[in-house]
Amino acid sequence: MNGSSGDHETLWRGPLLAWSALLALAAISLGSAYLPLGAGNVAVNLVIAVVMAAVLAIFLMDLRNGTTLVRIVASTGLFWMIFMFVLTFSDYLSRG
Amino acid sequence: MSEMTLQYAPTEESVATSYLDEGHTVLSWLLTTDHKRIAILYALSITAFFFIGGVAIGLVRLELISPTGWFMTSDEYNRAFTIHGIIMVWFFLVPSIPATMGNFVLPMMIGAPDVAFPRLNLLSWYLYLIGASFTVYVLLSGGVDTGWTFYPPFSSTYSHSSVVPAAIGVFVVGFSSIATGVNFMATVHLLRAPGMTWFRLPLFAWSMYVVSMVMVLATPVLAMSLLLICAERLFGLPIFDASVGGDPVLFQHLFWFYSHPAVYIMILPAMGVVSEVFACFARRRVFGYAFMVYALLTIGVVGFMVWGHHMFVAGQSPLANLIFSFLSFIVAVPSAIKVFNWTATLYRGQIGFEAPMLYALGFLGLFTIGGLTGLFLASVPIDIAATDSYFVVAHFHTIMVGGTVSAFMAGIHYWWPKVTGRRYHEFAAQLAAIAMFLGFNLTFIPQFIMGWLGMPRRYHFYPDVFQIWHVLSSGGAAMLAVAYLMPLGYLGWSLFNGDRAGDNPWGATGLEWQTPSPPPKRNFLRPPQVTSAPYQYHDIGRAREEVEQAPVEGRGDAR
Ligand SMILES: [Cu+2]
């Protein structure tokens, strides 16, 4: 609707690139599971997950071209994730 | 994204053509992008599923008349109550008010010619149909027996029923509610008529806005947790399986992160409907409008932080139980504010007991009972005793059936003249409303009692002492069935034989009433201009009594 993705030739290029990046990251994530890193596996997977989320937000959701309002709305999603994690961990981190 | 304009009716159009006359072929309906026609497509589909879900629970209530069961195996019984739950929650209650009345009325209320994304709106109905056809497949393939909650390890490992098709059906229908939510949010942000500021929005519009946020933020989590169940069931991915390091309680966290807010997806729209109805039929401005708005927003946000109250006996830590219990008490505060404000709206009003008002009053009483029994269950020690008992069943049916379905009926009757241009038979509707209220109480008060006495849910064999309560409850269910069938009769009759309603038979002030009934394709003949806050009923008073039967020309917002 605005920004650089206006014309039809390039409309699909960004999302397609982002999608292939996500698939590649998924493959790396799968591959890394076979490396004997111990607790390191979890760390690697979390890093990959963060990169995936960033690719999603910046390119697939096109937040780099979004208006402030759209960015605020999108960031509420992040805020809600904080609810989810904090309260879920209130269970897991305090189990006897 | 900030510049969006949709065309109103062409200015040269002077005679209103009703949206119903814009094509009479089946295709003109199936390919429509008119929000009003999509609302009707939705209304027909969810009504069909309401009665399918109703048949399922009818069989359950019939089976429960005898303490030893008499025509179902335990397996069949499990499948009957599961399909009732899945259909009623996802194929009736979640879309009920937003997809029908929200679709029809929201754009008109804010003075818009359509929703922001009309084709996405149609797509959402087709997504509903695709999800629904999976559910029909589940029915035909013998059903699913996990309960509507899909808890592992039963759903992921042990169940031999159609778990995956059922989960996919719910997964797909979730996208239809996300589409509706995105659409409504964009509509409220971008398509308000000149002068329609945020604090002039009718409370129904506010409730649609808040419920859209909840839909968009919560539904993806449901989609994800159901996909994980499918992944574990189909491919053995060890996510919830404790024997290989997974955690079955994690599913409950994810599932209820959606499904508690889903309670608000079901009840917030109902709150919006009754706010309109109380103001109109008490001829009063809604008491404490700003607080009503803040209460809706608070419920929408805090509703996301209470899900753990479903897991007090699931192995959740005592600290988490404490936190979730406390937060659940907090979320009762804005709900109570709303109940008090509705009551204050009625105070010294010129109250009329037309059917929409009867349904709305039923909502008020039953929502209060449902909310207060929810407080019992938010308390950890009481919940530990009452978990998985009929007390819980009665509690949430009081909110969802006593609350949401009552408000759904209130809205159907209130906007019926708007949608069809016809009057329904008032006395028949009043009878149905009273029968629904009495039938509801006869069904669920015995369930509160036997639940408190220890009758567990989801069993069809039970000790003889509970039989009297089950028989009473089944009698109430029969009465409810009659009360639900009655509107099909008199509303159907009204479609063809009802008196012409005029544009604004209730003398209501909402913008949706300041245009012909049924409305023209683009809703308004001229772009509306809003100059005042909603609910200016003081000026009009109970005008329709003074002019006898003559329909009152609505004044109010659009001047
Ligand atoms: Cu809950």
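Numbering starts at 1 and runs along the chain as it is shown here.
Just so you know, glycine gets a Cβ as well, placed from its N, Cα and C.
Quick look at what TrEMBL lists:
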- B:23-531: domain 'Cytochrome oxidase subunit I profile' (DOMAIN)
- B:39-60: transmembrane segment (TRANSMEM)
- B:80-105: transmembrane segment (TRANSMEM)
- B:125-144: transmembrane segment (TRANSMEM)
- B:164-191: transmembrane segment (TRANSMEM)
- B:203-235: transmembrane segment (TRANSMEM)
- B:255-274: transmembrane segment (TRANSMEM)
- B:286-307: transmembrane segment (TRANSMEM)
- B:319-337: transmembrane segment (TRANSMEM)
- B:358-378: transmembrane segment (TRANSMEM)
- B:390-415: transmembrane segment (TRANSMEM)
- B:427-449: transmembrane segment (TRANSMEM)
- B:469-491: transmembrane segment (TRANSMEM)
- B:507-559: region 'Disordered' (REGION)
Near the transmembrane segment (B:427-449) in space but 6 or more residues beyond its ends, with Cβ under 8 Å, are 353-355, 358-359, 362, 366, 373, 390-391, 393-395, 397-398, 401-402, 405-406, 409, 413, 468-470, 472-473, 475-484, 486-487, 489-490
Please determine whether the transmembrane segment (B:255-274) and the transmembrane segment (B:80-105) are in contact (criterion: at least three Cβ-Cβ distances under 8 Å, sequence separation 6 or more). yes
Among the ranges B:125-144, B:203-235, B:358-378, B:390-415, the one whose Cβ pairs under 8 Å to the transmembrane segment (B:164-191) are most numerous: B:203-235
Stretch among B:80-105, B:125-144, B:319-337, B:358-378, B:390-415 sharing the most Cβ pairs under 8 Å with the transmembrane segment (B:203-235): B:80-105
